[in-house]
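Asker: Residues or ranges marked as region 'Disordered' in Swiss-Prot: 1-36. Taken from Swiss-Prot, the feature compositional bias 'Basic residues' applies to 1-11. Here Swiss-Prot flags 25-36 as compositional bias 'Basic and acidic residues'. According to Swiss-Prot, the transmembrane segment annotation covers 63-83, 116-136, 156-176, 184-204, 210-230. Sequence annotations record features per position, and here Swiss-Prot assigns topological domain 'Cytoplasmic' to 231-812 based on sequence analysis. The domain 'FtsK' annotation in Swiss-Prot covers 461-670 and is backed by sequence analysis. Residues or ranges marked as ATP binding site in Swiss-Prot: GLY481, SER482, GLY483, LYS484, SER485, VAL486.
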Amino acid sequence: MTEKSHKKTAKGRAGSPSPTSARNKKADNGARGNKVSERLKAVKELQKTETKKARPEHVVNLIGDALWLMGLAATLYLVISLISFDMGDPSWSHSSPVVEDVANWGGLFGAYVADVGYYLFGWSFWWWIAAACVMLYKNFRLHAKQTENEAYNHKIAAAALFVLTVFSPVLEYFVLGGKYADSLPVGAGGMVGIRVGAVFAWLLGKSGSLLIILVVLLLSLSLLVQISWLEFLNGAGRAVQNRLSALSGKVMALGKRRPNTKTDGVDTQNTRRMVKEAKNITAKPVALPEGSSSNRKSVAVSVAPPPKIQVSLFEDDEPRQAGEYHKPTLNLLRIPDSEPVSINPAELERTAELIESKLAEFGIGVQVVSATSGPVITRYEIEPAQGVKGSQIVALSKDLARSMSLQSVRIVETIAGKNTMGIELPNDKRQDVMLSEILSSPVFAEAKSKLTVALGKDIAGTPVVGDLAKMPHLLVAGMTGSGKSVGVNGMIMSMLFKATPDEVRFIMIDPKMLELSIYDGIPHLLCPVVTDMREAGQALNWCVAEMEKRYRLLSHAGVRNLEGFNQKVEAAKAAGKPLLNPFSLNPDNPEPLEKLPMIVVVIDELADLMMTERKAVEQQIARLAQKARAAGIHMIVATQRPSVDVVTGLIKANIPTRMAFTVQSKIDSRTILDQMGADELLKYGDSLFLQPGSAEPTRLQGAFVSDDEVHHVVAFVKEQAPANYVEGLLTGEAAQETANIVSPNADSDELFDQAVAYVLESKKTSISSLQRQLRIGYNRAANLMEALENAGVVSPSDLNGSRKILAHKDHL
C-alpha cells in the first residue's frame, strides 16, 4: 500500500462519521427537541392557567350583578306582597273561602308569604325589607368601587336581623297590644311578640322589658346598618351648629340694613291708602280730569274685601250635658290666610285699554267704565258705542280670548239695572275660597233656615249662601274636575253645621260609591248611603209615600207647610194638649204627634239612575219636585252628563234652581241653564247659579272643602249620636207600611194579586206562610191577609187563628 492510499484512507475515515457518533448526535437532538416541547407545553399550561385565573373574575362580576338584580327583584316583590296583604286571601294562618281572584298583587305565593311574615312577626316583618335594602345598598357601593376598604359583614348583619325580628315584635306587642286584629292574622307583634313578650313580662316586668328591648334594638340597628351612633350624633351636631351659624349671620346682616319705607319704587303708604279707598268705591264710572291724555272714563275699581273670620277655636264655654247633641265647630275646618286680593289699579287700567284696543281691531267701539275684581275673575263693564249690537260683542268672545292670550273670556250681554255689558277675564292668580270663610260670614250665621247651604263667593268676593227650602230643589251639573262633587259636599257640610238630626235628615244616593259614602253612619241619615240602584228606587218610593203621609197630617192639622205644622205641634205640647196622631195603628189610644224633620234627598249621579230605573226614577223625582216642598222634602240632584236624555224636560220643568259648573259643550250648557256660558268657565269651582225667577245666572267661585275636613266633621258628628235608620226603607216594606197607614186599603199593594193566587193554590191561610212565600215582612203580610179578608177571599180568623177559603178560581 502506498503512501497516497494511506492518506485517502485516513481522509475517508475522517470525513465519514462513525455509527457511534451518529447515534450520540441523534440522541442529543432528541433531548433538545424534548426540552423545547416541554417548554411549549409549559407555556401553554401557563397560558391556560392565566386564562383560568382571569376568567373567574369576569364571571364572578356577572354572577354578582345577576344576584344583586335578583335580590332587588325579590325585595320589590316582597314589598308589594306586604302592601297588598288582604285577610280575605288564601293563607296559611287561617282558613278562608276559596276565591278565584287573589287581591294580593303578588298572587297566591305573595299572599302566603305576607301571611306567614305577618303571622310570625306582625308589622316587625318589615325589618326584613329594611335589612334587604341596606344589604343591596352596601353591595352596590362596594361593587361600584364607591368605597375603599369597606366590606359589609353579612354574618353580623344576619345576626342583627335575627335579634331585630325577635325583640321588635315584643316591643310592638307591648306598645300596640292586641290592635290591628282585623288587618293582621294575630294582631300586632305576631306570634313571636305574643310568646316572647309573655316570657319577658313574667321575668322582667313590662317596664324593665321595654328598657332592655329598646337598648337591644338600638344596638342591633347599629350592627345592621353598621354605623356608629356616636359618629351619627356628632355629625348631626355639626350640621345643626353650621345651620345656626348661618342663620345668625343672616340676622346680623339684616340688622345692619337701613329701614326703607319704599319697596321697588312703590310708596307703600300710598298703596295702602289707594287699596283702602278702592274697597269703598262702587262700580260707577268716574270721569277723568280735564287735560288727561285719554278721553276714556277712568275705571272704578271694586276690590274683593279680605275674609273676616271670627272662629271659636274651642268648644262652647257652657258645660256639656250628657246625651245633648252639639253642632260641629269651625275649628274642624281649615282656616285660610286672611290676605286681601292684591289689586294693582294701574294693571286694571292697562287691561281696560287692551280690551278697548282689541275690540277696536275687530271694528267694535266700546268704553270700559268700571272693573270689579273677585277671587278668580275680574269683570270689566263696557258701554258699546252707538249702533253696536250686543250680539256682535258676544260673538267675539273666542277671538278676544285668543288675542289677549287667555284661556277663556265670558261676555255677559245684560247686567240687571245697568245699560252696560260685562267682560269677565280670569285673574293671573286664583284665590282659594274655603268653606270656613262662608260658614263664618255674617250672611250664613244670621240665616235662620236649617237648610242654608254655602255656595261660594261672587265676582266681588262677597259670600253667597242659598236656602234650599226656598229653592226648593237644586239641579247641579258639571264635568269631571269642574268641582261639582266638592260643591255638593260643601252644601251637605253646611247643613251639618246648621241643623241637628231632629231637624234635618238625609237620604244619599251614590252610584259611584266614592263621593257620599264618607257620610255613612252619621245620625242625620234615614238609611245607609244607597249604592245599589234598585235600592235607590225603593228609597224614592219611600219619599213619595212619606210625602203623601205628611200631606194628610198637614191637612188634618189645618196648616199649609211643615214649618206651620211643627209650630202647631210645639204650641199644643207647651199648652199641655198635644195633638194626637189621626193615623195611629191603635185608634183607641193614639200616640201624640211629634215635630217632623225636613228631608233632603241627595243624588250624586242622576245618569246612572236614569240608565237603570228610568221610568220609575223620572216619575218619582217629578212627583217629589212638584209636591214635596210643603211637606219639607227637598232634593239636590247632580250629574256630570247634563244631556237631554238624563236631564229630561219633566225634571227641568219641576226644578227651576240650577247650578252649572264647567260643562263640555254649549249644548250641555243650554240643557242645564237654558243658555250658553257654562262651557266657558274655568273649572275648579267656577260656576253659574241660576235662581228661580231670574233670567241671568250669577257667577260664583265655589267653596272648597277637603276630604280631611269632611272626615273631621263626620267623626265629630258620629260622636254626638248614633245612626238611626228607618227599618225597611231600602226593601220597600217601609214605603208600603207608610202607604197603608195613610190609605188602609191594602188591596192597592202590588203583591195583592200574588197573595190571592198563592192562597187559592196552596190552600194555606196563615200569615207566616204568606210571609215566607212572598219574602216580605210580617206587618206587610198581615195587611195583605186583612185585605184578603176584606175582599172576601178568606174568612175572619176563628178562635184557633185559622181561616177558611171562601173564594174559588172560577169566581175571580
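The backbone N, Cα and C atoms fix where each Cβ goes, glycine too.
For each feature listed, report its degree of burial, its nearest neighbours and the pertinent distances within the displayed model.
Answerer: Only residues 6 or more beyond the boundaries of the transmembrane segment (63-83), in the same chain, are considered here, and those with a CB under 8 A from a CB of the stretch are 104-106, 110-111, 113-114, 117-118, 125-126, 128-129, 132-133, 135-136, 139-140, 143.
For the transmembrane segment (156-176), the list of distant contacts is 120-125, 127-128, 131, 134-135, 187-190, 192-194, 196-197, 200-201, 206, 209-210, 213-214, 216-217, 220-221, 223-224, 226: same-chain residues at least six beyond its ends, Cβ to Cβ under 8 Å.
Averaged over the topological domain 'Cytoplasmic' (231-812), the predicted model has a pLDDT of 81.
Residues within less than 8 Å, Cβ to Cβ, of SER485 (ATP binding site) and separated from it by at least 6 positions along the same chain comprise GLU515, ASP604, ALA638. In three-state terms derived from DSSP, SER485 (ATP binding site) belongs to a helical segment.
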Asker: Cβ within 8 Å of the ATP site centroid (GLY481, SER482, GLY483, LYS484, SER485, VAL486 excluded): which residues?
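Answerer: Output for this site, in sequence order: GLY478, THR480, GLY487, PHE661, LYS683, TYR684, GLY685, GLY702.
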Asker: Comparing the binding-site residues GLY481, GLY483, which residue's C-beta has the most other C-beta atoms within 10 angstroms in this structure?
Answerer: GLY483
Asker: Which of SER482, LYS484, VAL486 has the fewest nearby Cβ atoms, counting only those within 10 Å, among these binding-site residues?
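Answerer: Relative to the other binding-site residues in SER482, LYS484, VAL486, VAL486 has the fewest Cβ atoms within 10 Å.
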